[in-house]
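Positions annotated as N-linked glycosylation site by Swiss-Prot, on the basis of sequence analysis: N29. The feature transmembrane segment is assigned by Swiss-Prot to 70-90, 103-123, 137-157, with sequence analysis given as support. The motif 'HXXXXD motif' feature in Swiss-Prot is assigned to 143-148. The domain 'EF-hand 1' annotation in Swiss-Prot covers 388-423. Feature annotation from Swiss-Prot assigns Ca(2+) 1 binding site to D401, N403, D405, T407, E412. Annotation source Swiss-Prot lists domain 'EF-hand 2' at 425-460, citing sequence analysis. Residues or ranges marked as Ca(2+) 2 binding site by Swiss-Prot: D438, D440, D442, Y444, E449.
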Amino acid sequence: MAHQTQRRDTADTMTEVEVWDSRTAQEVNKSLYPPAVTNPFTHHTQLSAWQLACSIFLGTVLVPVRVSCIVFLFLLLWPVALLSTINLPIQPTEPVKSWRKHLIKPVFIFLLRLAFFCAGFLIKVKGKKATREEAPIFVVAPHSTFFDAIAVIVAGLPSVVSDTQHVRIPLVGQCILLTQPVLVRREDPNSRKTTRNEILSRVKSKMKWPQILIFPEGLCTNRSCLVTFKLGAFSPGVPVQPVLLRYPNTLDTVTWTWHGFSGFQVCMLTLSQPFTRMEVEFMPVYIPNEDEKKDPILFANTVRINMANALKLPVTDHSFEDCKLMISAGALRLPMEAGLVEFTKISQKLKLDWDNIHTHLDKYASVAVSSKGGKIGIEEFSRYLKLPISEPLRQLFSLFDRNQDGTIDFREYVIGLTVLCNPANTEKILQMSFKLFDLDEDGYITEQELTTMLRAAFGVPDLDVSTLFQQMAGKDSAQVSYRTFRRFALKHPAYAKLFHSYIDLQAAYIYSLPGEV
């Protein structure tokens, strides 16, 4: 009777556990829907036989002529670039003298626009460019190619944010220095903070610094969506002018992503076209309200949504970290898309950092690499847990399989382990599980006790749990203490969810028993 009372207490406790657990899990789950765009970091231009033939034929004529014209213009640009950067410091502390601004900049802009015209670019400008007093910062999106540098020319060579290494490139370095750039040192761990402070000091300064142009996405995408904006342009809390980029061409030859055409291929294909259309649209200046001034994330998201609406594109929470995960997935012999999890959303909602998610990717790869599509099926799931395919296992698998397509991708795996298998009350779940498995109540679980309980749970009378028990207890141990049990369950959280499910079944069974008289 004492034993039955203990089980009733367990059932009552389980009711409280469910209340604690469900609200948080439901709120997190609602905000973790799959992204509207699967992979914004790849691009594959499909050339028809006719398009390929035209590109080859026109390329043999146009490429040599265009390259010759561009080289000639660059020879003219070289002395202008040298003259414009004489005695200019790499990291300026005050605005340049007015003669550089009024005499050299217009010549520089004219020659650069002429060079892009020779390359076949027909540039259409919409809207009105704001003055520095109206908007100290331009935010330009979507960023999809190195040809987006045209936006810098159209905007009148405002200051850009660039890596210090780019300044050392001949001619390109002089072009960057002329804009009085905000330079980033990748090797400096405080680089992000330093850059943010430099942008803030310039936009708040009473000196006549040029406007700053920033690509807030921070990397090239395929223009199918707007990914997460970095906060550098929005932290100062000053008005910004959104600038939209479009390439309304029948054949897309300009897009340059991590996985797609190389830079050389993009250049050759683009130079082989009769012309390449580009639109640069200056949207109305966006002035942040008081809440947005205090919250850069809110400010960035509002501007991003406005730009996405104007472009008629969706927004996703992919970021640069997703791109790194995609590359890591490829190195682990998984499809590159396997690494895409919408890092910004996942990290914020589930409180995971880069190291956590990268560790999850390594574990996921060890399970999924044997499957054909780089996803975990029910068979791989069963082998990973060393348990037979049964109804409880299928139920657990379906909890991970959020889109119910019969497989678990990496995003579902991360969400499942974090939301489903790591409830806020994990310690209570493990304590109750251990008590249920410890049939003789001696403080230890033996292989026989584990076998008895799991056979009952899975409905498999000949279930062999020796491998699982050895993995839990160690090769030379015949019993498992609570400390060992807890360490194993925390290291393999999918088991914690199975134990949780088993407690639910026990609670339901106890509630169905007739009451005591």
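Yeah, the Cβs are placed from backbone N, Cα and C, and that goes for glycine too.
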(message) Return the count of C-beta atoms lying within 10 angstroms of the C-beta of D401 (Ca(2+) 1 binding site), excluding that atom itself.
(response) 21
(request) Starting from the Cβ centroid of D401, N403, D405, T407, E412, which together make up the recorded Ca(2+) 1 site, report each further residue of the same chain whose Cβ lies within 8 Å of that point, ordered by sequence. (result) K375, F400, R402, Q404, G406, I408, D409
(request) By CA-CA distance, flag whichever of D440, D442, Y444, E449 among the binding-site residues is nearest to D401 (Ca(2+) 1 binding site). (result) E449
(request) Determine the Cβ neighbour count for D440 (Ca(2+) 2 binding site): the number of other Cβ atoms within 10 Å of its Cβ. (result) 10
(message) I need to check the long-range neighbours of the transmembrane segment (70-90): which residues 6 or more away from its ends have a CB within less than 8 Å of a CB in the stretch?
(response) 96, 100, 104-105, 107-108, 111-112, 114-115, 118-119, 164, 167, 171, 174-175, 177-178, 183
(message) At a 10 Å cut-off from the C-beta of Y444 (Ca(2+) 2 binding site), count the other C-beta atoms across all protein chains.
(response) 19
(request) Express the distance between the Cα positions of E449 (Ca(2+) 2 binding site) and D405 (Ca(2+) 1 binding site) as a whole number of Å. (result) 36
(message) What's the number of neighbouring CB atoms sitting within 10 A of the CB on T407 (Ca(2+) 1 binding site)?
(response) 20
(request) Going by Cα-Cα distance, pick out whichever of the binding-site residues N403, D405, T407 is nearest to D440 (Ca(2+) 2 binding site). (result) T407
(message) Considering Cα atoms only, can you say which of D438, D442, Y444 is the nearest neighbour of N403 (Ca(2+) 1 binding site) among these binding-site residues?
(response) D438
(request) Provide the number of Cβ atoms within 10 Å of the Cβ of E449 (Ca(2+) 2 binding site), excluding the reference atom itself. (result) 19
